[in-house]
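Please read the structure below before turning to the comments.
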């Protein structure tokens with residue numbers, strides 16, 4: 001056993017690795033505020049995200065390390081806090097936004113907006129500062145899913161600039177074309193108009209400080225996608241697919257787009273949505289309406305993380321239609337979405353520890 | 001009773017109305033080749049589509065009219081034939097194509113391509129000449145659904161022009177970006193590139209004579225939609241939606257787009273897809289996963305025909321994934337699609353009888 005000193009505590013905690021980043025907490029600068037008073041020790045573990053799924057594991061590892069390498073009779077209090085990491089500190093656009101995460105799918109109707117809405121609410125509930133851009137100009141679903149279809153954002157003057165103030169709902173800052181045009185009207189625009197709306201949502205919106213800015217992309221691999229990667233470096237992409245062949249084919253196109261060398265945005269992982277249908281009165285029956293494990297196989301093929309599956313449950317769709325995301329309810333699905341949000345936050349932290357900032361795409365198209 | 005003469009037969013058949021167009025068959029020029037030999041009478045009823053759902057009704061009405069107004073002891077043989085009507089006889093582009101039908105949805109993933117594929121095969125099986133343009137440049141599903149992903153169209157020289165020869169499968173002529181690019185590659189194009197692909201599919205493809213050219217549109221109301229209505233007058237639009245609120249909102253945007261005065265394309269009707277899920281071993285259980293009657297209510301609200309509903313059945317998705325459309329199988333779903341194709345053909349005939357040719361859209365966007 002060693003004496004209870006700051007040095008020995010640090011030495012002991014060098015034995016605790018962050019299980020994702022696979023370096024020890026001291027090297028990672030995650031140990032702060034060590035205080036010793038007689039037999040009492042307290043310190044803070046600064047996690048890379050409040051949505052860290054391994055919070056308890058890390059805390060227990062710290063307690064064990066102190067017990068083993070300093071002493072068993074110490075009264076230890078571990079304060080778990082977080083500071084979301086970023087590679088965007090010197091970004092010219094949105095420098096206060098730590099991570100920009102695009103949610104893409106290739107194919108429409110696979111539940112991209114449902115996943116994005118639930119991801120945003122889950123991250124906000126974990127304590128993170130979250131924004132959401134609904135980049136589906138032709139079919140904005142986010143206002144409905146957040147039950148704020150009739151809200152209209154106000155404008156704030158900042159010098160010569162007009163900044164849109166996002167709508168805040170369930171702790172998430174939101175912007176969507178749905179707030180700016182009547183719901184029944186079609187937005188019949190060619191690509192450049194749609195692209196300039198996205199640019200405004202990124203550059204002319206008063207986002208303030210955010211840990212995660214999620215971007216709900218439209219289907220396809222066209223104007224909006226190109227404009228996004230040319231406007232702002234994207235931290236990573238979450239790809240949503242259903243297990244059916246025609247959806248996987250389009251998801252693969254989405255993957256190929258972001259992975260191609262000129263674009264080169266890291267893939268945070270693949271979510272398999274509508275993985276199976278379960279009738280509420282027959283919870284043991286799983287119907288693989290759209291096929292089985294398609295998302296998992298795609299992730300394996302491209303060696304990207306598989307973030308898990310979300311079942312097709314009537315209550316998820318109903319939750320979206322009434323504007324109260326499923327993750328806010330007390331159910332199996334709420335847990336599935338909560339777990340998904342932890343997986344995504346974890347992948348962002350791993351990406352930030354391993355890779356440099358994404359480069360803004362310069363290609364002229 | 002009257003004597004068996006050509007005049008009296010014509011007089012008798014003036015009592016038979018086309019139930020849709022609500023004019024008599026003689027006025028509509030639908031009676032041809034009247035032949036009388038002793039006590040034997042034969043004539044041809046020229047329907048407006050081979051997929052006419054009222055074939056038997058009209059035939060029986062003719063037999064009854066002859067019996068009632070000419071005589072009961074006549075040996076009558078009615079030959080039911082068809083000649084698909086058109087308002088496009090003098091069109092500068094595709095004059096040999098009688099009807100151009102766009103299949104739209106607003107939202108992606110509602111089964112638009114599945115409906116289009118089954119509609120095309122059902123119309124072809126009824127005896128019509130059918131072509132299909134897969135206008136979803138970023139997510140072409142048609143090659144998979146027709147099991148011809150690895151086909152490559154050949155080119156035919158016509159004077160100075162190169163004409164693409166469409167791939168023929170299950171009696172349908174097909175063109176898709178999927179035949180021209182490797183399946184795994186993303187088509188990362190801005191709008192003008194995508195639009196020019198569509199223009200080629202319309203103008204530089206060797207379609208020959210067609211009764212129906214179906215156009216499977218991508219989701220949204222953007223470049224491809226504008227280019228279509230600016231390139232060629234569209235006979236009518238079939239709108240596909242699922243019953244859920246966020247899909248209906250987008251379907252409504254699609255409707256609004258085509259109905260707006262500058263565009264003004266007739267709406268042939270609304271199809272409700274994935275209306276309910278039925279497990280194969282529990283055929284009496286209907287699960288309204290995506291809600292109930294949303295498509296029907298939308299049709300009523302906008303006073304457009306409701307073309308019926310297609311259930312969410314695992315075998316439909318499987319049929320699409322293996323490239324053998326469900327309508328080619330012997331099942332309840334096959335009948336649902338067959339009936340849908342008859343509804344659509346009927347609506348086209350009604351539209352052609354009542355409205356002048358659609359105008360090509362001139363607006364500059």
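Just so you know, the numbers here start at 1 and follow the chain as drawn.
Just so it is clear, glycine is given a Cβ too, placed from its N, Cα and C backbone atoms.
Worth saying up front: this structure is predicted, and the values here are computed from it rather than measured.
Marked as domain 'MIP18 family-like' by TrEMBL: B:6-78.
What TrEMBL records for B:106, B:107, B:108, B:109, B:110, B:111, B:112, B:113 is ATP binding site. Classification of residue B:112 (ATP binding site) by DSSP places it within a helix.
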- prompt: With 8 Å as the upper Cβ-Cβ limit, not reached, which of the binding-site residues B:108, B:109, B:110, B:112 neighbour chain A?
  reply: B:108, B:109, B:110
Query: Counting across all protein chains shown, how many other Cβ atoms sit within 10 Å of the Cβ of residue B:108 (ATP binding site)?
result: 31
- request: Quick one: among the binding-site residues B:106, B:109, which has the most Cβ atoms sitting within 10 Å of its own Cβ?
  value: B:106
Cβ atoms near residue B:110 (ATP binding site) (within 10 Å, other residues, all chains): 29
Query: What same-chain residues, at least 6 away in sequence, bring their CB to under 8 Å of the CB of residue B:107 (ATP binding site)?
result: B:219, B:241, B:242, B:246, B:247, B:249, B:250, B:251
